[in-house]
Every structure is written in C-alpha cells, then in structure tokens.
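Notes to accompany the following structure.
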Amino acid sequence: MKVMNPRKTNNTFMYYFVLFVCGFVLMEGCLGQNQTTEIKVGVVLDLHTSFSKLCLTSINISLSDFYKYHSDYTTRLAIHIRDSMEDVVQASSAALDLIKNEQVSAIIGPRTSMQAEFMIRLADKSQVPTITFSATCPLLTSINSPYFVRATLDDSSQVKAIAAIVKSFGWRNVVAIYVDNEFGEGILPLLTDALQDVQAFVVNRCLIPQEANDDQILKELYKLMTMQTRVFVVHMPPTLGFRFFQKAREIGMMEEGYVWLLTDGVMNLLKSNERGSSLENMQGVLGVRSHIPKSKKLKNFRLRWEKMFPKKGNDEEMNIFALRAYDSITALAMAVEKTNIKSLRYDHPIASGNNKTNLGTLGVSRYGPSLLKALSNVRFNGLAGEFELINGQLESSVFDVINIIGSEERIIGLWRPSNGIVNAKSKNTTSVLGERLGPVIWPGKSKDVPKGWQIPTNGKMLRVGIPVKKGFLEFVDAKIDPISNAMTPTGYCIEIFEAVLKKLPYSVIPKYIAFLSPDENYDEMVYQVYTGAYDAVVGDVTIVANRSLYVDFTLPYTESGVSMMVPLKDNKNTWVFLRPWSLDLWVTTACFFVFIGFIVWILEHRVNTDFRGPPHHQIGTSFWFAFSTMNFAHREKVVSNLARFVVLVWCFVVLVLIQSYTANLTSFFTVKLLQPTVTNWKDLIKFNKNIGYQRGTFVRELLKSQGFDESQLKPFGSAVECDELFSNGTITASFDEVAYIKVILSQNSSKYTMVEPSFKTAGFGFVFPKKSPLTDDVSRAILNVTQGEEMQHIENKWFKKPNNCPDLNTSLSSNHLSLSSFWGLFLIAGIASFLALLIFVANFLYEHKHTLFDDSENSFRGKLKFLVRNFDEKDIKSHMFKENAVHNVSSPITQGSSSPLTDQSTPLPRSPEQYRELELRRVSSISSGELFTTQSEQVEDEESAIIQCEGE
C-alpha cells in the first residue's frame, strides 16, 4: 500500500486555493464593469400643487432621457422625494430629514423663496448643494452660501426690462404693487434703482398680503384709484395676481387711461389658471416673461408632453419652470459623472442624543465640494436655453414683452441686456419713444398711449397750501371768516394760479389751506409738500436751490432778481439848464460860435455892408450873427458863396446841438433830477450801514452770505413797515425781490428808487411734489398765460402804477451829453470853415499879387500894411457892388444930374459911414502917390454911384 507524502498534499491544496481566489477576483472585476453607483438626490416640493406635479414629471422625464442617451455612465441619480406641504417649517424639516437620514448628495427645490432660506442654511452647514429652479427672490443671494445654486433667473434680471418699457413710453412715475413677503419685497429696491436710471420713480407702494381676501384687495384698489399715477407695476404670485385683476376689472380699473405692467411672477404662469377667466380680466396688460429660444429639442419635448397629456387642462400646461427643472436634473447628472464617487459619505460629530432631528448630529458631506465644483463647470444647451452657472446662478437672459389681447399673449418686443428693447418682428432699435415695440392694445381697447397719470375723479380736491401774511397782501391775502372759519384767498398769485388751471386740458379743483407760521417761514411751508400735507403750494414762493432738493417748481411767472431799494435825494438846482451838456461841450460850442462869427466876418467884410463900419459895430454884428443862428433869427444876409457854405454847415451843427439839448433837458425834468443816496451795496458793508429785508424770506441768508453782519439786518413785514424804517433812519437801504420792490415803489414812487439787480434768482413759482405729473402741464399753462394779454390785465389789477411815478427802468445815472458825442460835427464845421478861409485868402493874395511882387516897396511890413488896408476896403469888383452901380446909372432919378462931388448946391444927405468911406479912399489915394492920379476919376465915379444908390 502506497503512502502519500503529507508535504505534497499541502502544496496541492494551496495551489487550488490560490486559483480559486484569483478566479473570484477576476469574476468580481468582470461583474463590476456592468454595475453603477447610486447617487442619492433629495427633492423637496409641494406635492399637492399642480406646479410641483408638473415639475416632478419633468424631473422624471429628464432622468429617463439622460440615461437613455448616456447608458454608459457609471452613476445614477436616485430621487428621494419629500413633501414640503406649502409650509416653510415643513420644507426645512424635509431637508433636514434628507440630510440626516438619507445622506443625500444634493437637494432639488424648494418651490418658493420663503421655503428656500432655511433650507439653504442647512445645506450650507452640511455642504450639500441645494439647486432651486423656481425660487427667484434676490434676497436669497444675500445669504452668500456657495452651496446655493439658482438654476433660474432671479427677479433682479427683469427690472431693467420693466424700466426700459417705462422709458420707451415716457412715463416718469409708477406705483409698485407687490405681495407682502420676501418674494415681493426682494424686487422693490432693485426696481427703484432701475427706474431711477431711466429718470422714472416709484412714487407710491401698495402691499397685498399673501392670504388677502377680496375685501382687502378691494380696499387697496380703491386707494390706488385716488392716486394721480396710473402706471402700476405688479409683482406677486399668479394665484394672488389673478384674483387681484379680477377685482380691478370689477371696479373699472381695467379701462382706458390705466397702465399695468406685470413681472414674470405672473406672466410665466398665466396658463396655470383657468385660461379664459384669467386673460379676460387682464386685457391690455403688458408684461415681461423669460424668453425661451426655439430649438428642435424643445419642439420634440413639447410633442412628447402633449402625448402624455392628450386631454390636458390648464393645470398640465408646460411652463418655464418645468423646463428649468428638466435642465437642472440634466446638469446635476452630468456633474455627478465627472466627480470622484469614492467620497460619498458624511463625517458625523459625536451624537448628543437619540433625536433624529438633532442639529448637533448633522453630518458634513465629503462629496459636496467636488460636486459643487463640477456643477459650476457644466455648460450645455437645455430646453430653456443655454445652461451656464455664473457665481452660482444663471446669467441674465432675454425677456419677451407680452401684450395680452383677447385670448392671446402677443409678443410685441424683446429685451436684451446688450441693446435693450427691440421690435419682435423688425428688430428695430430706434431711440424714438414707443417705436421699439409693436402695436399695443391698452386697457379699454385703446390704441393711444396713456399719459400715465390723471387727476382722480373720485371727488378728491387738490390740497393747495397758501401763506398767511401781514404785509404785501397784493400777492396773497387769505381772508378767514371768523364765524364760519371759511377762507377766501385773493391776490396776484392766486389769480395767476387759477388762470393757469383754466388752461389745463383737464379739470383741477383746488382746495386752499392756510399755512400759519409766526415767523412766516416759507421753507417750512414748502417742506409740507414734501411730507405730503399739501399737494401744492401757491404764493409768493421764490425758486431757490435748497428748496428744489425736495420739491419741484414750475416755470417762474414773475421777474427774477434781488435788488436794492434806497431813498432818493432831490437835486433841485437853479442851474439845471446847464445839466444836459458837459463843461467841455459848453466851452467848445461857445468857442465855435465866436470862431464861426469871425470866419463869416472875414468872408463878408469886403463885400457886405452889414459887416462894415466902426470896429465895435463890426464886432457886435459878427457876434450877433453867429449866436442868432441858434434859433435861425439872424437878419444879416450873407452874399459871399464861401460864407454861405460856412453858414450852411454851421446851421446843421446848431440844429443837431439844439435838438439834443432840448431832448436831454426834457429827460432831466421828467425824472426830476432824482438820484439814489447809495449806488453800490458794498459801501453798506464798508461803512456798517443797517439794511432791511422782508421777514421770513431767503433774502436774510443771502445777505449774510454776501458779508453783511447779523447786527446790520433789520426785518420788516410790509411796505408800511419798510417806509417807517427808512423814515426814522433805522435803515439806509433795503434788499428784496423785484416784485416786492415794485409794490413799495408804486406806493412811494417819489421817495425811493430801485438800483439795478445785485443778485440773480429764478422768480416766483408754484410748488409741487417731486416728479409730480402736474408740474410740466402747469409750466406749459404758465407760458400760455404769461405770453397773452391776460397776464397784463392781472398785473394792472393788483399793481396799479401812479401817473406821477417815474419809470422804474429809467437810468438815474449821469446823462450829460459830452464833447465825445459831437466831436464829429465840430470837426466838419471846422474843416468847412478853414477850407473857406483858405480859398478866400488865396483869392485875395492872387488879386494883389502885383503888390507882393512890386520891388518899389521892399519892406515886408509895408506890403503887409498895404494888404491890410486893401482888405479893409470894399471890393468894388464884387458882384454886389457892380449890381448896385448898374442900377444907379439906369435909374431915372439920377439921369442928367450932376456929380454929387461937384454939385454943392443940392447935396444929398450922407450917413457918417458914407463920409468915413470917402475919407478913407481919399487918404488911401493921397498916400499912394501916383495911384491917385490914375484912379481919381474912378474914385469919383464910385462915390457918385454909391451916393446915387443910397439916395434911392
């Protein structure tokens, strides 16, 4: 019998054992290639709502589609569903259960923004990415959790689209209507900022409770009816929004003139309600909705959806959130496949109890960071458009601008972040208001763009504050009946305001409210408009910069400027007739009178007997002739052409001088020579003079800013008080606006005057709240009133100007006419005179050239004396004397008579001048020697002719 070796038996056993183990390992490896890893994903939704049912259906379809086309993936998402029961606490409890008990790697949900806040904090603590496709509140971003992923657009992305619509139609004010929770409040700051960027403003807010009943909704709607603004931006959940518009239609707020702008909170889910009733109540509404680009993939999905719900109702209508849910699951499945699944476990702290919901035992996922990183890198074209996460959420996308018309949701435009609103069909990007959108049908089936505001017709009157003053009642006078306490406002400002209201294209009924202030502080009255106590302020309110910070002013309806008023000094003067001309003009004129008289004497002395005779006679005649030209009363005739030329030019100069003198003297008597006591306001500061200002006005601060000391400022409340301060010497000058100064001057025109404006202001204007729609219309109406005759009638009624009051615009500065105004005339007269004199001298020297060149008289002095003697003689060759001589010869009286020099029996009477002239001729003839013999007969003939002429 053969005995086996024990050692050999052991080796054989070991061989088979190793072979078995290797085979088992190889088998496990082969089997592992066909196995997948399950990734737990929690889903928290309100399962009893149609919205959640649609989204859950979309999630299941997404999982089926994804793994159908990616069967080779080694990971599979396992969905664990929890019902949040439309409750914030229940949603947080569901998330806590998924994290603690199921140890999910990610959570999808919740449905609302309110449910999401605490869930995000739990997920952040456990490092579990929470992906929401429907929580759009911008406030969730402030949690600043890296594990919060928003696979949808938040509400901040649509506010710029809404602002673009407001800008496109030129509206300036809107009313924000939103649900009273985090969802509604989150959009308001962003909407306000976006509207301000386009110069529009949220002027009022209306909060609607989430669970509001019909009575609460109606109460808020009636409040909206009392507001002037008719542009409403509505942001609320669809269920509340549908009831809101139903009530708005019932009370007539869906008629012409109203503008309703809806956010995508309602527009994205329009089809989730009974289609007919919801759209019927929202005719003419504009809204924005996330734009879903067309694609083949989306088209196929819609066909499959319709097959799944062949008899679909509105509850089964596919919406943008169902598409977002589909894309969210797709993105998560893609991210999971790219991660390392070896870290699929939680790190748990030491438990402090057996309570399953104890937050102290909440584990931390090791897988969360890698999954979050992979998710942020996912990018693909989904059903709702491009899917790419930027900072944990989708980027701002394109929005459709929707107009609800009948049963249709007509797309009339698109809004893009890059170029704003464009026409949906023409892609027009013109900047003209309203032309970027297609035709819009507004509420009430109107095609006219609403102006965005109107005066309420519910009986509410415009509350107008007016100041109660003690003085200057011409502007505003609030008369209060002590018995009935009824107020009757009158005055210039009131009448202007009522005239302006009549020019408006609609009816505005003012209700005047008296503003009583001990110090008549206008700043405080204007501030009441800012607080809402008044709808407007009417009165003598000046437009100044600090007031315009919190209210709006209309265009001014009065003159602008702050001027200085000073007393007049009456400069009555005996020598007032000398005032029109300055001293240099008087002296120059007098010198020219003498000069012209001298020139005329030179030109006329040899040919005109009026300018001959004794020296004193000739001097008197010359002066008389020259000065009598002032009134053209000279009786002497000029016979020389040169003298006539000089006199003609001089008469023109005198005419201009006399007319100017008369006009200026008249103006001096018109203003009565009144002069201001002060002309420079800076002198008041220099000499520390007291000045007055109207109590309660901005003038006080203006004067202090210009350097006036507080002790110099003396207030007054009326024109009478101002006159008293001047009369008793308390003030030297007063500063006030031009309108007030005119009132004072109309009562005391002979005592004070207004110096030119020192400081510029904008004048009086009406006050309205910031961005009030009335401001522009009232400003346009002011232009119509001020440019017409009605304005002048109102001014004449309240500011009657006395007949003896000088023109306030008349300059009281020096109006002396100086030589500089007439030097051209004097230059012409001087040139004409010297030219005539030069011609005369040249002719005279030419006639006596034989004397100048005669060698018998070598002495220059002798020749000069000879020329002087000849100048003093009559020019017998003159046409004047020749004419007289011819007349004497042909006269029948002298015909046949003897010479008067030889006939001594019947001498003709001779004047002393005639004797003097004959004597001079004889002396001249004797002294000339040889000339006497040659010219004696001629002299006798001349004497005879002269005597005969004078005898006649």
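Please read every residue number as a count from 1 along the shown chain.
Placement of Cβ uses the backbone N, Cα and C atoms for every residue, glycine included.
Summarising the annotation, Swiss-Prot assigns signal peptide to 1-32 and lists sequence analysis as the type of evidence. Per Swiss-Prot, the feature topological domain 'Extracellular' maps to 33-582, 659-821; the stated evidence is sequence analysis. Annotation source Swiss-Prot lists N-linked glycosylation site at ASN34, ASN60, ASN355, ASN428, ASN546, ASN664, ASN728, ASN748, ASN784, ASN809. Taken from Swiss-Prot, the feature transmembrane segment applies to 583-603, 613-633, 638-658, 822-842, supported by sequence analysis. Here Swiss-Prot flags 604-612, 634-637, 843-952 as topological domain 'Cytoplasmic', drawing on sequence analysis. Taken from Swiss-Prot, the feature compositional bias 'Polar residues' covers 889-908. Taken from Swiss-Prot, the feature region 'Disordered' covers 889-914, 932-952.
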| field | For the transmembrane segment (822-842), sequence-distant contacts whose Cβ falls under 8 Å of one of its Cβ atoms, 6 or more beyond its ends | value | 585, 588, 592, 595-596, 599, 602-603, 640, 642-643, 645-646, 649-650, 652-653, 656-657, 660
| remark: Close in space but at least six residues away in sequence, with Cβ under 8 Å from that of ASN546 (N-linked glycosylation site), the same-chain residues are ASP523
| Of ASN60, ASN664, ASN728, ASN784, which glycosylation sites come within 10 Å of ASN748 (N-linked glycosylation site), going by C-alpha to C-alpha distance? | none
| note | Whole-Å Cα distance, ASN728 (N-linked glycosylation site) to ASN664 (N-linked glycosylation site), is 35
| remark: When the glycosylation sites ASN664, ASN728, ASN748, ASN784 are compared by other Cβ atoms within 10 Å, fewest goes to ASN728
| Residues near ASN60 (N-linked glycosylation site) in space but at least six apart in sequence (CB under 8 A) | ILE79
| query | Any idea what the Cα distance is from ASN664 (N-linked glycosylation site) over to ASN784 (N-linked glycosylation site), rounded to a whole Å? | reply | 40
| task | Provide the three-state secondary structure of ASN728 (N-linked glycosylation site) computed with DSSP. | result | coil
